[in-house]
Ligand code: BES
Ligand code: MN
Ligand code: ZN
């Protein structure tokens, strides 16, 4: 899909070639009980009052989310006009805009339209700029067109008509809008990668497969990639990570990907942001085995890792001027005669002894060693991303990602990014009081803290390994994938992470 920007100050009565330029549709926003303005007004004049007649006849009220495709239009270069209801102008916020945009794309994708001209990003959206609107529109379209067909024997990849979208924006917004196109496409490509990796079955998307994916990403995007195997992981003394991997015949991999968009890190300058992703390619629970219902969905237990891949890809494609390192511990969590057992005490890379009271609390066991490993990069910040706890779904449902951090500034940055990217997150507590729940009679710490505040005690466990740098933890158990009829990976939180890094890079 080709996206481009073309400036046009409709409000000054300009049309900058849009009246004569050929396209299959021009998408126009209509507010409720409002005289036509902007692009709609210019097009109305050019079509000799067609649009105002349609509105007057009551066929398009302007109600939010409604659409009317008017075919066989004459007088302008576009052969169709798509009118999109945008509600009351004084209530036109990002939510209404999002609904209008999705409604518009559904009609466009459902028709034989190859080229679309899109003018909605120019409408006055409360608290949002035109470049934000362009990016949101690209992401919405790419969300609607994503399909996972890799595993079908006869993939139904019915050729899509839509090939080209031109966004009109005011000339003052042209430059920012062009950057927004680049960002939107890069983030969408990153999300597609994250979704594909999540949706792949666990017999294909193994730790080895993720290692190969990292190497391919490195070749395609000039990242320095290291994939460590069993022996090298042993040499690093990652006893906690290895205890989880033990029960599986699939060998564990420890993946490190370096994106260097700024100068080499030195003397506190260009310190990298490190993203750590949980890469359990299948979580059976291990000896503390899970019940059978929906166990297939535990193939999604590598979505934290998937989001690190997707974000690294997006960052590289955007060419952000900062250094980012992706760290992924990946293995399966399986029951076996040699698997880790409840009661086992293991020693983490940093020397902490851990009593494994439940082998299903494995995410924290692989992440803790990755967090220790991250210290060597003297990071500006570390963010880990993990489908860590079912309790997070109980707390927040499927809308908000759980955010945990002791660092108010970092938490604030991530929350701002989540709002701007419309990839919501909600901060949960991480007070010292909760640490008591992790007491062990026999080791330094237990790997579970009981039922109360299960997501908080999981984060508390991680915090013990992340005290040497600014750190935040994202629990994406409720947001990384959808269940039911629309089962599939969402690509979250790639938008949040990308926005956070865009902001850090000052781009
Ligand atoms: N991967 C799961 C968390 C999970 C469960 C995410 C369901 C999404 C949906 C994690 O490894 C796990 O099993 N956590 C346990 C922790 C418990 C044993 C303390 C959980 O949440 O039940
Ligand atoms: Mn588990
Ligand atoms: Zn898990």
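Just so you know, glycine gets a Cβ as well, placed from its N, Cα and C.
As annotated by TrEMBL, active site applies to 290, 364. As annotated by TrEMBL, Mn(2+) 2 binding site applies to 278, 283, 301, 362. The feature Mn(2+) 1 binding site is assigned by TrEMBL to 283, 360, 362. Under the heading domain 'Cytosol aminopeptidase', TrEMBL lists 358-365.
Here the features listed in TrEMBL are placed on the structure.
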residue: 278; record: Mn(2+) 2 binding site; DSSP (3 states): coil
residue: 283; record: Mn(2+) 2 binding site; DSSP (3 states): strand
residue: 290; record: active site; DSSP (3 states): coil
residue: 301; record: Mn(2+) 2 binding site; DSSP (3 states): helix
residue: 360; record: Mn(2+) 1 binding site; DSSP (3 states): coil
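The 6 Å Cβ screen around ligand 1 retains 283 from the recorded positions 278, 283, 290, ordered by sequence position. Listed recorded positions: 278, 290, 301, 364. Those with a CB atom under 6 Å from ligand 2: none. Excluding the listed site residues 278, 283, 301, 362, the same chain places 279, 280, 298, 302, 333, 363, 366, 386, 387 with Cβ atoms within 8 Å of the centre of the Mn(2+) 2 site Cβ atoms.
Taking the Cβ of residue 364 (active site) as centre and 10 Å as the limit, one finds 29 other Cβ atoms among all the protein chains shown. Checking the recorded positions 278, 283, 290, 301, 364 against ligand 3, the ones with a C-beta less than 6 Å from an atom of that molecule are 283, 301. Highlighted in sequence order, 244, 280, 284, 285, 286, 288, 290, 298, 301, 333, 359, 361, 363 have their Cβ within 8 Å of the centre of the Cβ atoms of 283, 360, 362, the residues recorded for Mn(2+) 1, and are not part of that set. In sequence order, 244, 280, 283, 286, 333 make up the list of same-chain residues 6 or more apart from residue 362 (Mn(2+) 2 binding site) whose Cβ falls under 8 Å from its Cβ. The binding-site residues considered are 301, 360; of these, 360 has the fewest other C-beta atoms within 10 angstroms of its C-beta. Across the residues of the domain 'Cytosol aminopeptidase' (358-365), the predicted structure has a mean pLDDT of 99. Here the C-alpha separation of residue 278 (Mn(2+) 2 binding site) and residue 364 (active site) works out to 9 Å. Neighbour counts of Cβ atoms within 10 Å were taken for the recorded positions 278, 290; the minimum is at 290.
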